[in-house]
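Copied from Swiss-Prot, the annotated features are:
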type: BINDING; residues: GLY168, ARG169, SER170, SER193, ILE234; note: NADP(+) binding site
Amino acid sequence: MNNIIDGKKLAEEIIVKVKAETIKLRNNYKIQPGIAVIIVGDDPASHVYVTSKSKKAEECGFFSIKHMLSKETSEKELLQLIATLNSDPKIHGILVQLPLPAHINTNCVTQAIAFQKDVDGFHYINIGKLSCNTLEDAIIPCTPAGAMIMIEQQCGRDLSGLDAVVVGRSNIVGKPMAALLTAANATVTIAHSRTRDLDDVCRSADILVAAVGRPQIIKKDWVKNGAIVIDVGINRIAAPEKGIGKTRLVGDVDFEAIKGKTAAITPVPGGVGPMTIAMLMVNTLNAAARLYNLPVLKL
């Protein structure tokens, strides 16, 4: 049995549903979901991410606009743009691509986005709803939301009796991932780079989510037989076998060594990454639906 979770295939199945719901909104209610993506500066990786998100939004039938700002843009100017988008009825989702230049306070920017349009799920109100298990009208961060669908596909929605370990404590992935697993009745441990005996902690996991941002830190003997392994890490390492100066992408998990002992595992690339973009589309669609008190897409 193939135990490698195909994130591209699963994401495409979700996008098909988003497209269908978008057509319903347009035909029945004359509503077109709209997303605004903001990028500040000229970081090449950020531009790649923004382009892929914008293309996917257009593919889904959304109104999509990109704001490409110079790295000299002031925090005040960025906040003014966000205020304009907050009041724009055509825009239902606002995304500011991170990281921002050092002179801009990231927290001020993420909290300036109206929580109803916070399709990244970073606003304190959305974080609070998630923490309090009020998920019906919360906007969930895209990567944990996508990872959770992958876990549910393997284990079902009720994770009672299962031990889950999340390696990583970021506000973007680690903490919301732990909250989602807790809401699904798993027994959850949050571990990180300073956790004592991290290998032993990981070995206890029926479900192991690696989101620490260290290439291939999770070794074969850290994972118990039959575990579900979700690799959120995206790390670029040297690949001399490809030529001088060449690199390749790897996750936080030593994939080749571990894949044979897992019940299911996500690859990098092609695992959680496509699901992140798919869930951004779901969040934008649902933000538009909620604005008009219409049913949301449930996966």
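Any Cβ shown, glycine's included, is placed from N, Cα and C.
Quantities reported herein were computed from a predicted structural model and do not represent experimental measurements.
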Taking every protein chain shown into account, which of the binding-site residues SER170, SER193 has the largest tally of Cβ atoms within 10 Å of its Cβ? SER170
Far apart in sequence but close in space: which same-chain residues, 6 or more away, have a Cβ under 8 Å from GLY168 (NADP(+) binding site)? GLY174, MET177, ILE190, ALA191, HIS192, VAL209, ALA210, ALA211, VAL212, GLY213, VAL232, ASP252
Need one number for the NADP(+)-binding residues GLY168, ARG169, SER170, SER193, ILE234: the maximum pairwise CA distance in Å, whole number please. 16
Listed in sequence order, the residues of the same chain lying six or more positions from ARG169 (NADP(+) binding site) whose CB sits under 8 Å from its CB are LYS175, ILE190, HIS192
Around ILE234 (NADP(+) binding site), which residues of its chain at least 6 apart sit with Cβ under 8 Å of its Cβ? LEU249, GLY251, VAL268, PRO269, GLY273
For SER170 (NADP(+) binding site), what is the secondary structure by DSSP, using just helix, strand and coil? coil
